[in-house]
Amino acid sequence: MYHLWIKCLAAWIFLKRFNGVHVMQAKAPMYPNEPFLVFWNAPTTQCRLRYKVDLDLNTFHIVTNANDSLSGSAVTIFYPTHLGFYPHIDGRGHFFNGIIPQNESLAKHLNKSKSDINRMIPLRTFHGLGVIDWENWRPQWDRNWGSKNVYRNRSIQFARDLHPELSEDEIKRLAKQEYEKAAKSFMRDTLLLAEEMRPYGYWGYYLYPDCQNYNYKTKPDQYTGECPDIEITRNNQLLWLWRDSTALFPNIYLETVLRSSDNALKFVHHRLKESMRIASMARKDYALPVFPYARPFYAYTFEPLTEEDLVNTVGETAAMGAAGIVFWGSMQYASTVDSCRKVKDYIDGPLGRYIVNVTTAAKICSHFLCKKHGRCVRKHSDSNAFLHLFPDSFRILVHGNATEKKVIVKGKLELENLIFLINNFMCQCYQGWKGLYCEKHSIKDIRKI
């Protein structure tokens, strides 16, 4: 019945609604028929093991590591001291590994990184998210402002010590050149090593790409959320990084000042828009999968996101065509039994139900619009169309008790629902498929997979 609807409507939609926008093919999803995934990347093992509080993550379609641990087969995150000899200064002013990349042995770093990857990800068949979290310095000289200016000063002194005969201007030029060369080598070679050792993983750096659209505090009434032109240019200059990444991990953390505001959506939307742009320019064969990092609680607080801000984060991410979203959390989540219960109550309530809503809606749209061979993406990225279950057609039912739950989605897609999807969304076909509804095999692309 539903396929007949598509056949009957296809010609009309093509002539009247299809806006001719080309969408680059996507890599097939990590799990079959799961176009939008939600990951849990928080150290909440103690909730279950120590406090006997089961967070019910899998019940609500949330992908998690064994025992809800921070790192494992689903997602592994490498902090500065967990991977090789990352040169940096930590938040307490402690020096590590020569401080600046040009003052540390890359070979020694890579050798240690190899051991660390084998320790943290023992299986070569790992196909989860591999996230490198190096935030202390940025590989571009001009982006090391504020507290990161210390890396420029250290680099200048390093060049001065090695070349005292040079003028001050020559020293500064040399310092910038040597810093950016070494920073690029550290980041690029570490990434390539990880991909060589665990080739099925989704590898990238946390907070890349960034957008620097944080000016919502200074002039909230004039805030547009747009990425400054200079930051877009700087992101273009990082093409070497995007080409060697196999996934992108921007962040869309919301502060309380953005709570339930239009600015929250603007902030998230433009960060995602820039990430999707980078994802499409990184490769020629398919767009990189994008997995933005979000928090279930407002940044630096233990206050849960409002339902409106769940839409502004999870909902916006799915509608923009991302492959998924990662919820990061701190040790506070599992610090006490009360903390665990607070997290559990939020998951059992608004958070879990909304995740089920969006993941199911994304799957339904992929099934009926893209024949399971693609994911649904907004036709117009700035529209307010979301991948939500239609409330008149579907219900989310939660059965069970405090120790065991089961979530069931009941309902069926009606004709008017399908028309809404066709009018507002288009298919981003997975590799090996093409056509308006991803209904045609693409032999050339199949050979590349």
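Here the Cβ of each residue, glycine as well, is placed from N, Cα and C on the backbone.
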Choose one of C370, C376: the cysteine that Swiss-Prot connects to C427 by a disulfide bond.
C370
Need the cross-check against Swiss-Prot: the disulphide partner of C47, picked from C211, C227, C340.
C340
If you measure from the C-alpha of C376 (disulfide bond), which of the recorded positions N103, C370, C427 fall inside 10 Å?
C370, C427
Show which residues of the chain containing E135 (active site, proton donor), separated from it by at least 6 in sequence, have their CB under 8 Å from its CB.
Y206, L207
Compare the Cα of C365 (disulfide bond) against each of the recorded positions C47, N67, C211, N357, N401 and report the nearest.
N357
Specify the secondary structure state of N153 (N-linked glycosylation site) as given by DSSP, simplified to three classes.
helix
Please name which of the recorded positions listed here, C211, N357, C427, is nearest in space to N401 (N-linked glycosylation site), Cα against Cα.
N357
Count, for each of the disulfide-bonded residues C227, C365, C429, the other C-beta atoms lying within 10 angstroms of its own C-beta, and report the residue with the smallest count.
C227
For a quick check of understanding: among the disulfide-bonded residues C211, C370, which residue's Cβ has the most other Cβ atoms within 10 Å?
C370
